[in-house]
Amino acid sequence: MSETPAQCSIKQERISYTPPESPVPSYASSTPLHVPVPRALRMEEDSIRLPAHLRLQPMFWSRDDVAQWLKWAENEFSLRPIDSNTFEMNGKALLLLTKEDFRYRSPHSGDVLYELLQHILKQRKPRILFSPFFHPGNSIHTQQEVILHQNHEEDNGVQRTSRPSAENVHQNPPTIELLHRSRSPITTNHRPSPDPEQRPLRSPLDNMIRRLSPAERAQGPRLHQENNHQEPYPLSVSPMENNHCPPSSEPHPRPSSPRQEGTRVIQLMPSPIMHPLILNPRHSVDFKQPRLSEDGLHREGKPINLSHREDLAYMNHIMVSVSPPEEHAVPIGRIADCRLLWDYVYQLLSDSRYENFIRWEDKESKIFRIVDPNGLARLWGNHKNRTNMTYEKMSRALRHYYKLNIIRKEPGQRLLFRFMKTPDEIMSGRTDRLEHLESQELDEQIYQEDEC
């Protein structure tokens, strides 16, 4: 009995399995292409063979996608029938399940489903983070994880050198060759148009690699004439801890760099947090530039300061994968359970964050100074939900305390005041009268503003 072409194809696949070509090869598998792969390693590649609508991140799967993934896994791995009713959830909920949860919902196949999901997550993660940089067919602007915003033309270009073959991918990591052309604010020379086949990748990150120091800029035209040529130096890009990139199905020949011995390594570390760094003249962000010594070891380099105006002209907005910075926000002045102005002033004096607005001159004598009257008025306005509060309006409320001998202005001193009573002594008095006076003062201010 002769075999049909379909049966021959299935038989051939069982004998020798060849992973399908993909524009983004799997990072998890280190087995060379076109080599028979054992059954134990097939799970590393099987997620690529998922149906097209399941090739998204599992967190974006709908409930129907989860059910179809269970059905696909049951057929692909010859598992026992899986009750899809025990997995009535979307992809986000599926990722919350532990291995024990999978075993509880599917006693016979739960461990396989859990491991398969972990392999899918492992393969999808580097595909999003690194594919725009290492595969020329992909566009950076289509990836939501990496945003490179550029408003000015850059003089630094990135050219990819020749890709390694599948045999020497571990020995010779691919490099990115950065070509630096010096800039002069006075003279501009004509630059030849780049080779369209090279397709340089331009980004604001290029300027962070090499930047002329202020001393070098001060040398003027002499430095411009000496450095008016491109200086290539290679950078070895390592997206994984194995320090290599996966091979591509189609090699792209490029002229190799003449300085291969001085390769610099950039370790791309994925981070769960993509925190935006908005670079503007009010913020100074220092990026550490690692340098390689002659023996190949990393040494900490000097920070590259990005607070200069000319640097900011080339780097406006960069999405950098870093941990969130510590919060140093200016306090807005809202204090709970604080209705009266004297109590509010006492609370501010007890908080060191407000020393730029008000502070003690002599705490024993209860003498305080208003450092920033307009800023203090804004804090009081924020506390009272009065955005148009001014120091003149706030000082009217202070005058009521003069009459009640609670606060006194120091004679001959500007913006220097003294508390005549302690908070306990003030609270034991007629606080209801104080609240009435301050409320009346605010009502009069609102009425006057409405009349205007």
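A Cβ is built for glycine as well, from the same backbone N, Cα and C atoms used for every other residue.
Helix, strand and coil counts under DSSP for the DNA-binding region (339-420) come to 36 helix, 16 strand, 30 coil. Here Swiss-Prot flags 339-420 as DNA-binding region, drawing on sequence analysis.
Among the features that Swiss-Prot reports, SUMO2 cross-link is placed at LYS11 (among others), with the record citing similarity to another entry.
Marked as SUMO2 cross-link by Swiss-Prot: LYS288 (among others).
Feature annotation from Swiss-Prot assigns SUMO2 cross-link to LYS302 (among others).
Sequence annotations record features per position, and here Swiss-Prot assigns SUMO2 cross-link to LYS403 (among others) based on similarity to another entry. Sequence-distant contacts (6 or more apart, same chain, Cβ under 8 Å) of LYS403 (SUMO2 cross-link) do not exist in this structure.
Taken residue by residue with DSSP, LYS421 (SUMO2 cross-link) is part of neither helix nor strand, so it is coil. There are 17 other CB atoms within 10 A of the CB of LYS421 (SUMO2 cross-link), with all protein chains counted. The SUMO2 cross-link feature in Swiss-Prot is assigned to LYS421 (among others).
Across the domain 'PNT' (40-124), the model assigns an average pLDDT of 84. As annotated by Swiss-Prot, domain 'PNT' applies to 40-124.
If you look up Swiss-Prot, you'll see LYS11 (among others) marked as N6-acetyllysine.
The feature phosphothreonine is assigned by Swiss-Prot to THR18.
If you look up Swiss-Prot, you'll see SER22 (among others) marked as phosphoserine.
Residues or ranges marked as phosphoserine by Swiss-Prot on the basis of similarity to another entry: SER213 (among others).
Taken from Swiss-Prot, the feature phosphoserine covers SER238 (among others).
Feature annotation from Swiss-Prot assigns phosphoserine to SER257 (among others); the stated evidence is similarity to another entry.
The feature N6-acetyllysine is assigned by Swiss-Prot to LYS302 (among others), with similarity to another entry given as support.
The phosphoserine feature in Swiss-Prot is assigned to SER323 (among others).
Under the heading region 'Disordered', Swiss-Prot lists 154-262.
Broken down by DSSP into helix, strand and coil, the domain 'PNT' (40-124) contains 60 helix, 0 strand, 25 coil.
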